[in-house]
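So the structure is just underneath, and the comments pick up after that.
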């Protein structure tokens, strides 16, 4: 991502007048520019698929019991989401502009300082030149901060060693990293590369929004403003609350809730490997998140509104109430 981003930055201009045409220029005139651009855009989608799988795996096997590692991971997730959001603004299409307008506007819900904060971030009274330039600057610097944080993430993981599916100590089963893990990892890397190249070479625009092929126009609002697919679940939670501040809080808490998970671990076992009821609830949570993702991409109309509200309630209820209580129930089942 950093490499493709670097090559894109060589040809991109962060000015409202030329940003859109510079992206067009990259796709049409730069050698393999189209490939670099779509690798970068779809690489972000692959990145998020890996992140979601990684977080899900951590939740399933109780890896969140390594507190420092887990909390840096939550911080990393926020940083990657911020980076992806700012990157989406750079092509300066309709969805770039209106996405930036809608999401930055959420900060105005903060009491007292809200409106000042939004104008400070915009660098003016609307999303304009100053906003685009600073987003480019932040989008360039954040990945390096993410890389540093990932290093610290690993540093803390190596304090304890990694977890395993059973949730028991791995010490007796440790083997050399090379050749065993290197070979195992090459398989995963090749499958990811296969998926990414297939996406980039066969349907590069599958996950994008056609509205972003229209240059940004402050006088014309697109009929349905929606973010990229990896933000839709959070967007659905935001929209399910009919109050601005409430929605913003729910949006932030939908990710921040991950930091609370270790303190809600009531089971006497670490992993879900031998806990069938918790397993069921975990997969219900996954289904709920997929439902939220679907709702986030739908218009705010009759059946979708109530489905989104129910899915949002279920999301918080599962994590905060149902799963901890079920864990206690499982403890009693095993007479522990």
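Note: Cβ is positioned from N, Cα and C throughout, glycine not excepted.
Per Swiss-Prot, transmembrane segment is recorded for 1-10 (among others), and the stated evidence type is similarity to another entry.
Residues or ranges marked as transmembrane segment by Swiss-Prot on the basis of similarity to another entry: 34-55 (among others). Packing against the transmembrane segment (34-55) from elsewhere in the chain are residues 1, 4-5, 7-8, 23, 26-28, 73, 77, 80, 84, 87, 192, 195-196, 199-200, 204, 207-208, 228-230, 258: each is 6 or more residues past its ends and has a CB under 8 Å from a CB in it.
For the recorded site, residue 40 (heme b b562 binding site), the DSSP three-state label reads helix. The Cβ of residue 40 (heme b b562 binding site) lies under 8 Å from the Cβ of 1, 4, 5, 8, each of which sits 6+ residues away along the same chain. Taken from Swiss-Prot, the feature heme b b562 binding site covers 40, 139, and the record attributes it to similarity to another entry.
Residues or ranges marked as heme b b566 binding site in Swiss-Prot: 54, 153. Sequence-distant contacts of residue 153 (heme b b566 binding site), defined by Cβ-Cβ distance under 8 angstroms and a gap of at least six in the same chain, are 69, 72, 73, 76.
Residues or ranges marked as transmembrane segment by Swiss-Prot on the basis of similarity to another entry: 70-90 (among others).
According to Swiss-Prot, the feature transmembrane segment maps to 135-155 (among others), an assignment based on similarity to another entry. Within the chain, the transmembrane segment (135-155) has long-range Cβ neighbours (under 8 A, six or more residues past its boundaries) at 1-2, 5, 9, 12, 14, 69, 72-73, 75-76, 79-80, 82-83, 86-87, 89-90, 100.
Marked as ubiquinone binding site by Swiss-Prot: 158. Cβ neighbour count for residue 158 (ubiquinone binding site): 10 (other Cβ atoms within 10 Å of its Cβ, all protein chains included).
Per Swiss-Prot, transmembrane segment is recorded for 183-203 (among others).
Positions annotated as transmembrane segment by Swiss-Prot: 245-265 (among others).
The transmembrane segment annotation in Swiss-Prot covers 277-297 (among others). Taking Cβ pairs closer than 8 Å, the transmembrane segment (277-297) reaches residues 56, 59-60, 226-227, 229, 231-237, 239, 267, 304, 307-308, 311-312, 314-315, 318-319, 322-323, 326-327, 329-330 in its own chain, all 6 or more past its ends.
For 304-324 (among others), the entry in Swiss-Prot reads transmembrane segment. Within the chain, the transmembrane segment (304-324) has long-range Cβ neighbours (under 8 A, six or more residues past its boundaries) at 236-237, 239-241, 250, 253-254, 257, 260-261, 264-266, 278, 281-282, 284-285, 288-289, 291-292, 295-296, 298.
Contact between the transmembrane segment (245-265) and the transmembrane segment (1-10) is not supported, since fewer than 3 Cβ pairs fall under 8 Å when only residues 6 or more apart in sequence are counted. A Cβ distance under 8 Å defines the sequence-distant neighbours of the transmembrane segment (1-10), meaning residues of its chain 6+ beyond its ends; these are 26, 36-37, 39-40, 43-44, 47, 139-140, 143-144, 147.
In the structure shown, the C-beta of 139 has more C-beta neighbours within 10 angstroms than that of any other entry among the binding-site residues 54, 139. Residues of the same chain lying 6 or more positions beyond the ends of the transmembrane segment (183-203) and with a Cβ under 8 Å from any Cβ of it are 35, 38-39, 42-43, 45-46, 50.
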